[in-house]
Amino acid sequence: MAAARVEYIAPWWVYWLHNFPHVDLSLRQKSPDFNPKDPGYQQTLLFVALIVALCAAVNLLFVSVYLICLCCCKKEDETETKKTSSCCVTWTAAVSGLLCCAAVGIGFYGNSETNDGVYQLTYSLDNANHTLAGIDSLVSNTNFKMKEDLDKHLFRLNEIFAARGDYVQSLRFMQQMAGNIIQQLTSLPNWQGTSVNLSDIARQTSTIEYYRWLSYLLLFISYVVICLVTCVGLAKKSKCLLLIMLCFGLIALMLSWTSLALETSSAMGTSDFCVAPDKFIMNMTHDQITTEVVHYYLYCSQSLRNPFQQALTVFQRSLTTMQIQVQGLLQFAVPLFPTAQKDLLGIQLLLNTSESNLHQITALLDCRGLHKDYLEALIGICYDGVEGMLYLGLFSLLAALAFTAMVCAMPQAWKHLEARDRDYNDIDDEDPFNPQARRIAAHNPNRGQLRSFCSYSSSMGSQASLQPPAPTVSNAPVAEYMNQAALFGGNPRYENVPLIGRGSPPPTYSPTMRATYLSMTEEPSSIYSNVFPA
């Protein structure tokens, strides 16, 4: 056993939690001593949980009032606040997401610490239960051998040595020593009830801890999923995802406060036990085990007297006396009564087995083994266990703050998306620079489709037979352009009018270029006149 663990000293956070006021539901001060069967003490733990529940109610009331005010407030100058609101929503979502991730990280550590502490507690309880069960098994086995097996051998030897009074007297003395051994073994504590209680406590604690650990693990995963889906909803500007995550955020907020209430009351009750665990154990076992025995195992000091020393000493002396008697009978009686050798050797083997059991009982009854299990159980639950519960409480508090900010930010994001859609829908559909009109024009073009030029290259004769109609000059583009120019206070420039529909080439062409241009446009003029009507 490590020297640092010889004496148990409760950590400072245990005293910090233990010094909290213990008030019952009638607001009266109660003793902080751990007594889970006392209704008054149960009310003190319930009062702590109700304080946390009151904080949760205030938090939910604040969120509700904020959401109602946000929905009912009149729209002010949105154009001035839209950019600020969008930036605020972004930063709030980012901070709440980081806070939630930090809370989940702290929660993972706290959950692991609590699980380690409870595992160490159950492991120590199992070891102590194994020790006590071993003592009971050895004591019952030795008692059975002394009562049943030894009596059978002595009965047959009495018949063999009936003619020798001195040998019969030795057998009676051995019977008396066996009675002393049985009496001393009976005086030892009966650990059967205690071992059963330890086994039940270890099994129930292990089962509860497994479901607690699994529940927190699922809670961590759900919190991370809510944060990720909320970020996806904000990135994709999805109102449906934001609405769903708003509902899940409220549920997560209530779960955070609920877990905080459970963790606070559990940590406070465990701290009350860890401040004075020996006092509680002595009160619980006073009707099963003597106070001297419990005190011997709880403190295990060299200055304390071993309460089993006298019984074990009598046991050892009685065995030694019986072995001396058997050795004498083997030496002097067997030559006279050869048939007695088998029973005497059987008694000798029984005494050797009983001596081996005595050494094992002495080792198991020593306080160092059970005291080590006791210290390890205390360190597991009072150090790792309570520390883990404090970290879980911090996780719940940070998660509650994160989801409060997230729930308050999502309606702002909703309003921002609604304002964006409303501004988008208010754009004039006839505006040629409207992005929506551009998309509609791209997907549903209204202009005529250009015919393939390959269809006109099938036969030159058919092209030659086509006579181009006389080009009709349309003044519609010119008039439209002039109207637009006059509207904006400018002078119309005919040079900027498109060349579609004009029969003459540009005035800047040279005569050679003009002749080339006319020769190239004579035949396909009918084609272009159909494709691009004037």
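Glycine too: its Cβ is placed from the backbone N, Cα and C atoms.
Among CYS274, CYS300, CYS454, the one Swiss-Prot lists as the disulfide partner of CYS382 is CYS274.
For CYS367, the cysteine that Swiss-Prot lists as its disulphide partner among CYS300, CYS408 is CYS300. Topology note: CYS71 and PHE337 are separated by the membrane (different topological domain names in Swiss-Prot). For the recorded positions ASN129, CYS274, ASN283, CYS300, ASN352, CYS382, a Cα-Cα cutoff of 10 angstroms around ASN197 (N-linked glycosylation site) retains ASN129. For the topological domain 'Extracellular' (1-44), the residues of the chain that approach it from at least six positions outside its boundaries are 50, 267-269, 271-277, 279-280, 368, 371-372, 375-376, 378-379, 382-383, 386-387, 390, judged by C-beta separation under 8 angstroms. Within the set of binding-site residues (GLU113, ASP116), the lowest number of other Cβ atoms found within 10 Å of a Cβ is recorded at ASP116. Closest to CYS382 (disulfide bond) by Cα-Cα distance, out of the recorded positions ASP116, ASN129, ARG164, is ASP116. Spacing of ARG164 (site 'Essential for the formation of the channel-pore') relative to ASN129 (N-linked glycosylation site) is 50 Å (Cα to Cα, whole number). Spacing of CYS367 (disulfide bond) relative to ASN352 (N-linked glycosylation site) is 25 Å (Cα to Cα, whole number). Here the Cα atom of ASP116 (Ca(2+) binding site) is found 20 Å from that of ASN129 (N-linked glycosylation site).
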